[in-house]
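Copied over from Swiss-Prot, here are the features:
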SIGNAL    1-46  signal peptide
DOMAIN    62-184  domain 'NEAT'
BINDING   K75, S82, Y166  heme binding site
REGION    187-314  region 'Disordered'
COMPBIAS  188-199  compositional bias 'Low complexity'
COMPBIAS  252-268  compositional bias 'Polar residues'
COMPBIAS  278-306  compositional bias 'Polar residues'
MOTIF     313-317  motif 'LPXTG sorting signal'
MOD_RES   T316  pentaglycyl murein peptidoglycan amidated threonine
Amino acid sequence: MTKHYLNSKYQSEQRSSAMKKITMGTASIILGSLVYIGADSQQVNAATEATNANNNQSAQVSQATSQPINFQVQKDGSSEKSHMDDYMQHPGKVIKQNNKYYFQAVLNNASFWKEYKFYNANNQELATTVVNDDKKADTRTINVAVEPGYKSLTTKVHIVVPQINYNHRYTTHLEFEKAIPTLADAAKPNNVKPVQPKPAQTKTPTEQTKPVQPKVEKVKPTVTTTSKVEDNHSTKVVSTDTTKDQTKTQTAHTVKTAQTAQEQNKVQTPVKDVASAKSESNNQAVSDNKSQQTNKVTKQNESPKQASKAKELPKTGLTSVDNFISTVAFATLALLGSLSLLLFKRKESK
C-alpha cells in the first residue's frame, strides 16, 4: 500500500488547498493595502483642503484701520469725572472694519461689570460685542458700534463689588476728546504692484570722460653766444686767444643743448606713464560697474522667483507615495512569509 503523501490524488488536493491559501492571503493583503492607501489619501486631501480654506480666509479678511482717541467718563448731568472712568483704560480706539466704525475700549476689573449698555444722542442703543475676555488679567475688550461725527455716548451700567457689598446701577456719559473721525480704507496688498527699480544706465566707453593729460611746457635751452671780437686789427697773439675762446664757447653750447634734450625726454616719459595709469584705472572702474550692475539684475530676477516659491502650498503628496512604498514592502514580506510557511508544512507532511 502506497503512503498517502505518494498518492497523486492527495498531492493534487494539497496543491489546490495551498493555492487557495496563497490566493486568499494575497487577496487579503491587497485589500488591506488598498483600504490603508485610501484612508491615507483621504487624510491628505482633507489636510490640503483645510490648508487651502485657511489661505482663502486669510486672503478674504478685510484690512482694518484704527486710530487712538481720548475720552472721559463723566457723571450724569454734569462735567464732573465719574469713578467709572478709572475702570476703563485710556486711550480708546476708533476702528474701521468692513466699512463699519467701532469704538473699542478695555474694561478693568471685568468681573465687577455685570451689565453695560451704550446709547447715542437719539437714545438708540448701540450694538456691543466682546472682542477679548481675559479671565486671568480680569480685563475685557469691547467694540461699540458708532458713526463718524459722534461726540459723546450715554452709558448705563450695573456694577457689583462683593468685597464691599457694592451693588448699584447708574447712568453716565462718555465724552470724546474730538468727534469720531472718518478713516481711510486700508490699502489692499493684493492690488499693489511692486515697483521694480530700473537698472542704472551705464555709459559706453566712448561717452566716458577722457583722462586729462597734463600739459608739459617745452623747455627752450638758453644759449649764450660770445661776443665777437670787434678788434680785427689786433696782433696774432690776441687772435689766437680769441679763437680758443670761440671753440670753448661752441663746445659749451653743444653740451647744454644735449643736456636740455635729455631733460625733455625725462619729463615726457613720466607724463606718458601717468596718462596710461589713469586710462587703465578708468577701464577697471567701468568693468567693475558693469559686473555690479549684472549682479543686481540677476538678484532682481531671482527675488520674484523666491517670492513665488514662498507662496506655494506644502507638497503633501510625498507622504502618500512613501506610505504606498511601505505598504507594498509590507505586502511583499507577508507574501514571502506565507510561501515559506507553506513549504515548511509540505516538508513536515512528507
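Even glycines carry a Cβ here, placed using N, Cα and C.
In the predicted model, the motif 'LPXTG sorting signal' (313-317) shows an average pLDDT of 48. Classification of Y166 (heme binding site) by DSSP places it within a strand.
The binding-site residues considered are K75, S82, Y166; of these, Y166 has the fewest other C-beta atoms within 10 angstroms of its C-beta.
Residues listed for heme, K75, S82, Y166, cover a largest CA to CA span of 18 Å.
Mapped onto three states, the DSSP output places K75 (heme binding site) in strand.
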